[in-house]
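One structure below.
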Amino acid sequence: MEHSAAIMQDADRAIDNAVAASNQSPSNDSNKKRKVSSDAGTESINNETADERSGKKHKRDFKDDGLRFGSKGRGGARGNDRGNKSRSMGRTEYFKSHVDKRQRIDETRAKHVGRKGNKIGEGEDDGGDEVVGLKDNPIYATLFPKDEIEAEEKRPKRKVAVMVGYSGTGYKGMQLSASERTIEGDLFLAFVKAGAISKVNADDPKKTSLVRCARTDKGVHAAGNMISLKLIIEDDDIVSKINSHLSPQIRVWGIERTIGSFSCYQACDSRWYEYLIPSHSFLPPHPSSWMAHKCEEHAKEVCDLEAFNERQQEVEGFWEKVEAEQIKPIIDSLDEDIRFEVVRALQGEEEAQAKAAKMDADVKDDAPVKGGGSLKQSAVAKDEISEGLTEDAAIIINEPDAAQQPKAEASANGSGQDADSASTAQAEGQDGEPTDTQPTPNGKEDQQQSSERKATVVSAEYDRIRRLRDATKRLRTAYIAAKRCYRIPSRRVERIQEALDKYIGTKNYHNFTVQKTFRDPSSKRNIKSFVVNSRPILIGDGPDEQKTEWLSLKVHGQSFMMHQIRKMVGMVALLVRYGSDIPKVMNQALTTADRFSIPKVPGLGLLLERPVFDSYNRIQAVKHDREKLDFDKFDAAIEEFKHREIYERIFREEEESNQFSRFFNHIDNFKEPYFLFVTSKGHAATIDTAAPMEKVDA
C-alpha cells in the first residue's frame, strides 16, 4: 500500500512539473507532454544537457501539430480526447467539412485554363471566348464559353435509366475513352446536344454520375444495354431529340425515372447474351485433315468406332458428295504442272503422291509437261503451298498483285537473286550448258543470252504461280459455296442442345476463362439457361438456297468471366463437330481440376441481348412508384434493329473475312495434341504435352 502511494506521489510531481513548464513555454506544450520521464522528480526534456540530447534520435521540428502527430490532429496521443469532448477531427471529417469535391476539381482545373475556342461543334481554335476545361480534353468533352455557362437557365436533373442498343462495328467498345471513339462517348455528346446535360456538366461524365450496366469490348454488339446517370428530362420528346444526334447504329429505346441511389451495374441481377454462328461450323472436319485422321484412329484404338460413326450419322457422306460434284471437275481441268501441288494442299502428301504415280504410269517416266519436267519434278521444284492443308488451304494464299513485275513475283518465296540463280541453274543444268561463271570466247554475247534465258525462266515461273493461285481461288470459292448451302439436320441441333444443357446450374468454369484455378471460388458461375433456336436464321442476298444459315444461341447467367461465353460455344462446337462423347467430356471439364485447352470462337457473333432487373422491379420500383426496367415493351423495334444493324453487319464481315471457316480449319489441322480431348480417348490423349495439371489435395 505504501509502495502504491509513493508511485502516485511521484506521478503527481511529474504532472506538476509538466504543467509548470507548459505555462512558461506554451508553444512547446505537446513536445514536453510526450517526453515527461516516468521517474519521480525528473525534469522536462528542455532541461536535459546537450550531451544527453546528442545520443538521442533527432526529429524534424514540424510547424503544424497535424503533421507532427498524424491525422488525428493536435494533442496526438491515443486516448487524449478526454471523454470524447472537443475531439480532434480525423481525415474523413476534415474533408467533409472542407471545400467540396467539385470545388476542389474546379480549382485544380483553373490552373490549366488558358485555352481558347473549341466551342460546341468546333474542333480547332477559332479565337473565341475563354472556356472552362482542361488543357487536353477528351474527345467526348464539350467546352462552352464561360458567359454561356453563366447565362444558361438552371434546370433540375433526375436519376434515370437509359435503355440503348448498338452495333459495335467501328467502335472501340462501350466504355468511355479519352482518345478513342466509343459508344458511351457518342451517347454523352448526344445528351449534351439534345439539352439533357447542362453546359456546365458537358465536359465531364462524372458530373452526371454515369454508370454502365455491362461493358462490351471492341466490335461487340448489344441489342439491349443500359446506363444510369442524371439527366434533364423535362422535354416530352427527349428520346427523339437524343436519337436525332446519334448514328443509325446506336439507338435509345427509352428513358425511365429511377430512385436516387440507383446504379444499373449494382442493380443488375443477370444478363442475356446471344451468339450467332454459321451452321456449317458444326460440319465434321474434312476427311483429309489431321483431326479427322486422329478421331478415327483413336476410335479404333478404344473400340469406339461404331459409336463414333453413329454420332456422325446425320452428316455422313457430305464431304464425299462435295468432292465428287464440285471439286473433282475443277481439279481435272487444271494443268498437270500445278495439279500435284493443288491436290497436296487439299488432300495431303500421300494422296497427291498416289495420284501422281497413277498419272505417271500412263505416260513415259520422263515425259515433259508444260513448264518443263514431269509431274513429280514440277512438284519437287517449288513448295508454293504448305502441305497438310484441307479445303480452306486456298484461303491462306494471297492474291498476286497485278502491278508487280514478274521478277518481283518470282522472288515472293525468297530473295530475287536466289530465285534468279535457282531458275537459271535449273534451265541450264538440264541441257548441260556452261554457266555464266565459266569463261567463254564471247563474254558479252553469252552474258546477254544468259540474261534472256533468265527472263524467260522467270516469266514462265510467274505464269505458273499465277495459274496456281487462280486454281486455288476457284477451289476456295467452290468450298465456301458448298458450306453456305449446307442446312443443318434437326438431329444435329438436338446434339447441340444436349451439350448446352450441361452448362445449366452452378459449375466451375476455370477451363473457360484465363488465369483461374479450380480452387478459386470466383471460377464458379451460375447459368440459368442456354438454348439454341431450332429455327435457323437465313442471312444474305439472293434466293434462300444461296443464303447462309446461322444458329442463334442464347445464354442467361448471373455474370460471366473473360472469354467465358466464347469458350463455352467453342467447346460445344468442337464436341459436335468431332463426334465426341458429350456427357463424358463436359462432365470432366466442368467438375474436375483437369486442364482443357478450349479455343474461343471469333467474337464476331457475340452480342448482349439485354440485362435483367428482377429484384429492383419487384421491390424498389413498387415501393417508390417507379416504372419497371424492362426491355419487353421495345421488342418490335429491337428485333428490327437487330436484323438491320447487327445481323447484316455480322454476315457482311463474315462474307469478307471468312473468320469462322479460317478458325475451324486451323483447329482441324493443328498438329498438336492439345485439342485431342474431343476424340474417343478423351482427356487422356492430351496429357503428354498439354498444360500441367493442377494438383488437388485429396
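Cβ coordinates come from backbone N, Cα and C, glycine included.
Annotation comment: TrEMBL describes 1-131, 356-383, 403-458 as region 'Disordered'. Annotation comment: TrEMBL describes 20-29, 39-48, 412-427 as compositional bias 'Polar residues'. Residues or ranges marked as compositional bias 'Basic and acidic residues' by TrEMBL: 93-110, 357-368, 443-458. Among the features that TrEMBL reports, active site, nucleophile is placed at Asp217. Among the features that TrEMBL reports, substrate binding site is placed at Tyr273. Under the heading domain 'Pseudouridine synthase I TruA alpha/beta', TrEMBL lists 499-614.
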Q. When you measure from the Cβ of Asp217 (active site, nucleophile), how many other Cβ atoms are you left with inside 10 Å?
A. 14
Q: Kindly assign the residue listed as 'substrate binding site' to one of the three DSSP-derived states: helix, strand or coil.
A: strand
**Q.** Cα-Cα distance linking Asp217 (active site, nucleophile) and Tyr273 (substrate binding site), given in Å to the nearest integer
**A.** 14
Q: Give the residue counts of the domain 'Pseudouridine synthase I TruA alpha/beta' (499-614) per reduced DSSP state, in the order helix, strand, coil.
A: 42 helix, 33 strand, 41 coil
Q. What mean pLDDT score does the domain 'Pseudouridine synthase I TruA alpha/beta' (499-614) have in the model?
A. 93
Q. Which of the three DSSP states, helix, strand or coil, fits Asp217 (active site, nucleophile)?
A. coil
